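Annotation comment: Swiss-Prot describes 20-142, 207-216, 280-310, 413-427 as topological domain 'Extracellular'. According to Swiss-Prot, the N-linked glycosylation site annotation covers ASN53, ASN63, ASN74, ASN117, ASN123. The transmembrane segment annotation in Swiss-Prot covers 143-169, 180-206, 217-239, 259-279, 311-331, 392-412, 428-450 and rests on sequence analysis. Under the heading topological domain 'Cytoplasmic', Swiss-Prot lists 170-179, 240-258, 332-391, 451-511. Residues or ranges marked as disulfide bond by Swiss-Prot on the basis of sequence analysis: CYS216-CYS302. As annotated by Swiss-Prot, S-palmitoyl cysteine applies to CYS468, CYS469, with the evidence given as sequence analysis.
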Amino acid sequence: MYTPHPFGFLIILVPMTNAMRAIAAIAAGVGSVAATVATSTTSSISSSTTIINTSSATTIGGNHTSGSTGFSTNSTLLDADHLPLQLTTAKVDLDIEIDIQLLTNGYDGTTLTSFYNESSWTNASEMDTIVGEEPEPLSLVSIVVVGIFLSVLIFLSVAGNILVCLAIYTERSLRRIGNLFLASLAIADLFVASLVMTFAGVNDLLGYWIFGAQFCDTWVAFDVMCSTASILNLCAISMDRYIHIKDPLRYGRWVTRRVAVITIAAIWLLAAFVSFVPISLGIHRPDQPLIFEDNGKKYPTCALDLTPTYAVVSSCISFYFPCVVMIGIYCRLYCYAQKHVKSIKAVTRPGEVAEKQRYKSIRRPKNQPKKFKVRNLHTHSSPYHVSDHKAAVTVGVIMGVFLICWVPFFCVNITAAFCKTCIGGQTFKILTWLGYSNSAFNPIIYSIFNKEFRDAFKRILTMRNPWCCAQDVGNIHPRNSDRFITDYAAKNVVVMNSGRSSAELEQVSAI
């Protein structure tokens, strides 16, 4: 027969005392967690959420005495109505870990409090990363410096691209069909500067969006559309230069004004389809947008938070496919340029010059005037070809700068869609503004590498040729200009005589 121990009540009292100590330690830990979370997330949590239900003490003790592996539903949990979902989930997981430790090591109040505080700091830090909290706000000096830099960048972008459009409109030598694509590119960059960069600067400096939820979608759509139009215009420019250099005789028949206008319209329609259609349907981002909190106040954010499907599809259409085409075109242009240089060296060898002089003294009578000079007939370095190669170099530099500016962003854009915590917020903003800065670089490239644009910029800035006095672009066709006729004749002479020997060239010159 079982005989009760005379001090059996002490055996029961000791675990109950340890349990009460553990509850007190949990209460202190919960208070520390509440204070830490309130500080790190800059939100106020009601003091009532840190109160522990005293009636749960018996339940906790009973559960641990009976060997339960977790807290009951009435155990020490913060009020879920006042906490984010991530924090509530982390709290439940943390309770399970604490329960396991209590079962393993016993109820030691000091150890339990230390474990809870350390875990609460870790989970609070992880929660900040998962939820996507905004970083610490910039200081006043940083805001002023960044604001001045962004203002200068926006001004250069707007002014430079307006100059490009005015130069093409007012300068007769720039009113060529190929420059219509440059004008379309300048318009896209002008939209980026005026409609995208201005609102992006205000959003990044304030840390939240103040222009309304509806305009946020419109702004994001313009961002995607203008960037896509810029890339597709560069792809069209590279194709235009390739045809112009590779097959100049057929260029006038293939690339007409109508073809150029239709191509530009198709570029803008495709850019609008990629941007406005999915964004208006709301399939470009997750259902729950991020919320920025400051001193208990919630502010909406407007960021390029894309779904993985839309990020991959839009990036391929807007960037990767056109880039593959442009790189392939410029590789072919480079090979053709190398072959062209070799042909120039082969035609102008010193031995052939002596041979031409010898045939000239034998076959041509002295009293018969020359109609053409041999050195001008077979040379490939006519002004027509020189200007073509300068244009190709200019467009190549434009494409290179464009890739440097936008490749990092599009790589990060796809990565961020699949892994929200892999890319920091500041890194994403810096790479986004690096892409925006490309809109300011193109006019600078024109002024450095293209003398015609440089002279046109000078005339516009000095008001030597007011744009209001310029003739209509549609009334001046490139085929009707004197320069086009002269270059076309020189080009045909070069092509017809490029395969002839020196003796045949002397016979032609003697006619």
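Every residue, even glycine, has its Cβ placed from backbone N, Cα and C.
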Mean pLDDT across the topological domain 'Extracellular' (413-427) comes out at 86
Within 10 Å of the Cβ of CYS216 (disulfide bond), how many other Cβ atoms can be counted across all chains shown?
19
Give the helix, strand or coil assignment DSSP yields for CYS216 (disulfide bond).
helix
Looking only at Cβ atoms, how many others are within 10 Å of the one on CYS302 (disulfide bond)?
21
Could you break down the residues of the topological domain 'Cytoplasmic' (170-179) into DSSP helix, strand and coil, giving a count for each?
6 helix, 0 strand, 4 coil
Does the structure show the transmembrane segment (259-279) and the transmembrane segment (180-206) touching, where I'm treating 3 or more Cβ pairs under 8 angstroms (sequence separation 6 or more) as a contact?
yes
Helix, strand and coil residue totals from DSSP for the topological domain 'Cytoplasmic' (240-258) stand at 16 helix, 0 strand, 3 coil
